[in-house]
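Pulled from Swiss-Prot:
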TOPO_DOM  1-48  topological domain 'Extracellular'
CARBOHYD  ASN10  N-linked glycosylation site
CARBOHYD  ASN24  N-linked glycosylation site
TRANSMEM  49-75  transmembrane segment
TOPO_DOM  76-84  topological domain 'Cytoplasmic'
TRANSMEM  85-105  transmembrane segment
TOPO_DOM  106-120  topological domain 'Extracellular'
DISULFID  CYS119-CYS196  disulfide bond
TRANSMEM  121-142  transmembrane segment
TOPO_DOM  143-163  topological domain 'Cytoplasmic'
TRANSMEM  164-183  transmembrane segment
TOPO_DOM  184-208  topological domain 'Extracellular'
TRANSMEM  209-231  transmembrane segment
TOPO_DOM  232-251  topological domain 'Cytoplasmic'
TRANSMEM  252-273  transmembrane segment
TOPO_DOM  274-294  topological domain 'Extracellular'
TRANSMEM  295-315  transmembrane segment
TOPO_DOM  316-360  topological domain 'Cytoplasmic'
Amino acid sequence: MTIILKDLSNSSILWEGFEDEFGNYSGTPPTEDYDYSPCEISTETLNKYAVVVIDALVFLLSLLGNSLVMLVILYSRIGRSVTDVYLLNLAMADLLFAMTLPIWTASKAKGWVFGTPLCKVVSLLKEVNFYSGILLLACISMDRYLAIVHATRTLTQKWHWVKFICLGIWALSVILALPIFIFREAYQPPYSDLVCYEDLGANTTKWRMIMRVLPQTFGFLLPLLVMLFCYGFTLRTLFSAQMGHKHRAMRVIFAVVLVFLLCWLPYNLVLIADTLMRAHVIAETCQRRNDIGRALDATEILGFLHSCLNPLIYVFIGQKFRHGLLKIMAIHGLISKEFLAKDGRPSFVGSSSGNTSTTL
């Protein structure tokens, strides 16, 4: 399917076959200064049926996996660490987002048929999931940096501080996502079905730039720099001091951070490229807009996939998580105590900070 841009009276634009963009902004009208010469813009996206199958699998895995993670952490009161509290909140964010996946999937297949209120709510949950995820991981990186590099008992060891920090992260995530919540609505573009989109009137381009740059700066780039700084020095300390026991205890945390970056970094890099194109920092052409639009579609699916991956990390890398899950199953008679004994009791590794070991 294509969109034909024509030089009509008053530079109006005829949009034919405008498809549901699903919140990633590709295929929107070009900026006001664009040269409106005839231009054929492809809106062909990934196979809808394949996307529906992937979303359905992600939904089921995320629903089951994150529920089990929350169960294991909440059940393991003894030995629960500050990091576990952060990971518990991370699982909550992924679970909340997973609950919206069926709605997003249906909108890909049939357009947005759920009205403006639900459009605002699911868009808010999607943004809050991303921002809370990277902010929680940034807090974990700072806690590990202080505990290992400086060998200090951090303020976050005081449980009331941990609660306030987590509440602050959720509040900041909502604030960063608030513009999307305010301006998203069920919108009817010309020659298209309803979409869940932000319609900002004549100043759409300018406001969309602001809505992108500020959250990307404070909700992605700055936390990413904090994580790179903290984990860079943490890794250097672990390897230079040959602290193998702490290195093993950090494997799960490093894996969680790595998977988050692999899933969400591509989408945000493409989004930055799209923003630069709309700001005329890089030239806007039909081909470039097509390429960025397809890249946004593909990388967004990768970002959605992240919501079901953390539980898999805990299962394959986190020995304590596996043992905690088997222990719960044994208590409820789902497996024998002999089978639990064969799994063995993982040793909890201590540290100078007192909280390097985690339930996972």
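Keep in mind that glycine also has a Cβ here, set from the backbone N, Cα and C atoms.
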Problem set entry | Winner by Cβ pairs under 8 Å against the transmembrane segment (209-231), considering only 164-183, 252-273, 295-315 | 164-183
For this session: For the transmembrane segment (295-315) and the transmembrane segment (164-183), decide whether they are in contact, meaning at least 3 CB pairs lie under 8 A, counting pairs 6 or more apart in sequence.
Result: no
Problem set entry | Residue counts (helix, strand, coil, in that order) that DSSP gives for the topological domain 'Cytoplasmic' (76-84) | 3 helix, 0 strand, 6 coil
For this session: Give residue numbers and ranges for long-range contacts of the transmembrane segment (164-183): same chain, 6 or more residues beyond its ends, CB-CB under 8 A.
Result: 85-86, 89, 120-121, 123-124, 127-128, 131-132, 135-136, 139, 156, 198-200, 207, 210-211, 214-215, 218-219
Seminar exercise, completed: Contact set of the transmembrane segment (49-75) with the rest of its chain, CB cutoff 8 A exclusive, min separation 6+ beyond the ends, reads 84, 87-88, 91-92, 94-95, 97-99, 101-102, 104-105, 108-109, 301, 304-305, 307-308, 310-312, 314, 321, 324-325, 328, 359-360
Seminar exercise, completed: All chains considered, the count of other Cβ atoms within 10 Å of the Cβ of CYS119 (disulfide bond) is 25
